[in-house]
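Pulled from TrEMBL, these are the features on record:
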| type | residues | note |
| --- | --- | --- |
| DOMAIN | 11-142 | domain 'dUTPase-like' |
| BINDING | 63, 64, 65, 76, 80, 81, 82 | substrate binding site |
Ligand SMILES: O=c1ccn([C@H]2C[C@H](O)[C@@H](COP(=O)(O)OP(=O)(O)OP(=O)(O)O)O2)c(=O)[nH]1
């Protein structure tokens, strides 16, 4: 399936009484079932090809049900689909459980969120501006 994504402005977004899900489910589009052994991963085809407006990306994310119940997640979450990508969307699934997991054709394996992103340039500078945090990070403020 080939789809063109169209940005809907805020006032056109559905009300919470209707479906306001951020994620669109992605289904496996595979000829044969694929079994992932514990810690095994595979790129699962979705049969989806898309065209995004410039300045948008699609993020491929895990489904919480599959993660919580089966230990199946998206290895590179969130996977990035670039606006200029015209190939088939693939989902890199990994099995983080202790048992085999079989993906059937048509199964909902992940979800996709369309997001706007900034476009930026960068320049080399001698100094960075000072801040309170400075170089503190990675737990520098403690855990409580
Ligand atoms: O989960 C994913 C991630 C990426 N892609 C496709 C769309 C994306 O536009 C392209 C490149 O992705 P990314 O930039 O993450 O890959 P890379 O490893 O940096 O490879 P490249 O050199 O092709 O950019 O691969 C997917 O289908 N699924």
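From the backbone N, Cα and C atoms, a Cβ is placed for every residue, glycine too.
Caution: TrEMBL annotation is automatic and unverified by curators.
Shown here: features listed in TrEMBL, placed on the structure.
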| residue | record | DSSP class |
| --- | --- | --- |
| 63 | substrate binding site | coil |
| 76 | substrate binding site | coil |
| 81 | substrate binding site | strand |
Around the Cβ of residue 64 (substrate binding site), the count of other Cβ atoms that are within 10 Å: 11
Cβ neighbour count (within 10 Å, all chains shown) around residue 63 (substrate binding site): 19
Densest Cβ neighbourhood among 80, 81 (binding-site residues), 10 Å radius: 81
Annotated binding-site residues 63, 64, 65, filtered by Cβ under 6 Å to ligand 1: none
Cα-Cα distance maximum in Å, computed over every pair in 63, 64, 65, 76, 80, 81, 82 that the record assigns to substrate: 26
